[in-house]
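One structure below.
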Amino acid sequence: MIRLPAPAKLNLFLYITGRREDGYHNLQTLFQFVDFGDELSFTPASGLTLSPSLPGVAPEDNLIIRAARLLQTHTGCNKGAHIRLTKRLPMGGGLGGGSSDAATTLVGLNRLWQLGLSDHELATLGLQLGADVPVFVHGRAAFAEGVGDIFTDAAPPEPWYLVLNPGVNVSTPAIFTDPDLPRNSPVMSLEQRLNSPWQNDCEALVKKRHPEVAKLLSWLLEYAPSRMTGTGACVFGTFNSRDAAERTLNHAPDGTVGFVARGCNRSPLLTALSAQ
Ligand SMILES: C[C@](O)(CO)[C@H](O)COP(=O)(O)OP(=O)(O)OC[C@H]1O[C@@H](n2ccc(N)nc2=O)[C@H](O)[C@@H]1O
Ligand SMILES: Nc1ncnc2c1ncn2[C@@H]1O[C@H](COP(=O)(O)OP(=O)(O)OP(=O)(O)O)[C@@H](O)[C@H]1O
């Protein structure tokens, strides 16, 4: 049996620099992982099964099963596995939970089935499942360009974050097809980006469409520099200590769901793999 983490990511900044002919957008974003997320275990079996299933997601649509099938088809491998999922990340929260589950599945089954695929091959396969899968396979904090699949490793500070979930589901395709989305941020070097104020080009639009996001973000901004991750809905505040982040969580408006986690430039997935 192999047990591996599927951590969340944060987009520390996210700029949209253009729209391609296929409708996808060119981005400049800084990905960092946190030490909080889902967990998966892989046990050899004859078929391919996943438990428990996720509410509202048919097993064959689950990115975990889709990743496993993709690996079988790509390599011609007919081995099976039973996969157990401990789901902690909110779905559709901008934390990349589904993409991280898919990446951990590719990496975990590559080991369990002894397929010997390189990280580069796994990341290329993963891109078919979602734009964020390659960075989770890559496992190091990175400045990403293109549709989010061209990486330059980066080493931003590793503060404590308070991540809050406004509890609304933001549709990524709906944000990317909204005519009001700004799409003309200038292309800058990593150096220039690191040294300019960090922003998320989706934030104003998501706040307009979802007042719950605007409300929670303006509350969090009273305590710490804060932004939205990905296309939302989650927002994160940056703190110098775990204690300060936890105290803020304890003050949060009644019913607010969130967690405190440390930023990691080396993904907990890579750390677990090298310990095994
Ligand atoms: C914006 C980010 O959250 C940044 O981390 C991600 O790139 C989104 O990743 P994701 O949720 O895995 O997105 P995907 O499932 O690949 O794409 C969902 C939809 O978002 C839009 N999309 C996504 C990524 C991108 N670079 N340009 C886009 O226009 C496309 O309409 C696509 O149909
Ligand atoms: N294993 C999975 N975990 C979460 N969502 C899944 C999974 N498999 C399929 N999905 C589907 O993918 C959708 C997006 O899930 P995910 O949690 O990755 O969103 P997200 O955090 O907004 O990602 P991103 O930051 O990449 O936009 C879900 O609403 C769900 O329907």
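Placement of Cβ uses the backbone N, Cα and C atoms for every residue, glycine included.
Positions annotated as active site by TrEMBL: Lys9 (among others). In sequence order, Phe31, Gln32, Phe33, Val34, Leu95, Gly96, Ser100, Asp132, Val135, Phe136, Thr229 make up the list of same-chain residues 6 or more apart from Lys9 (active site) whose Cβ falls under 8 Å from its Cβ.
Annotation comment: TrEMBL describes 62-139 as domain 'GHMP kinase N-terminal'.
DSSP gives Ser100 (ATP binding site) a helix state. The ATP binding site feature in TrEMBL is assigned to Pro90, Met91, Gly92, Gly93, Gly94, Leu95, Gly96, Gly97, Gly98, Ser99, Ser100.
The active site annotation in TrEMBL covers Asp132 (among others).
In the domain 'GHMP kinase C-terminal' (190-249), helix, strand and coil residues by DSSP number 31 helix, 9 strand, 20 coil. Feature annotation from TrEMBL assigns domain 'GHMP kinase C-terminal' to 190-249.
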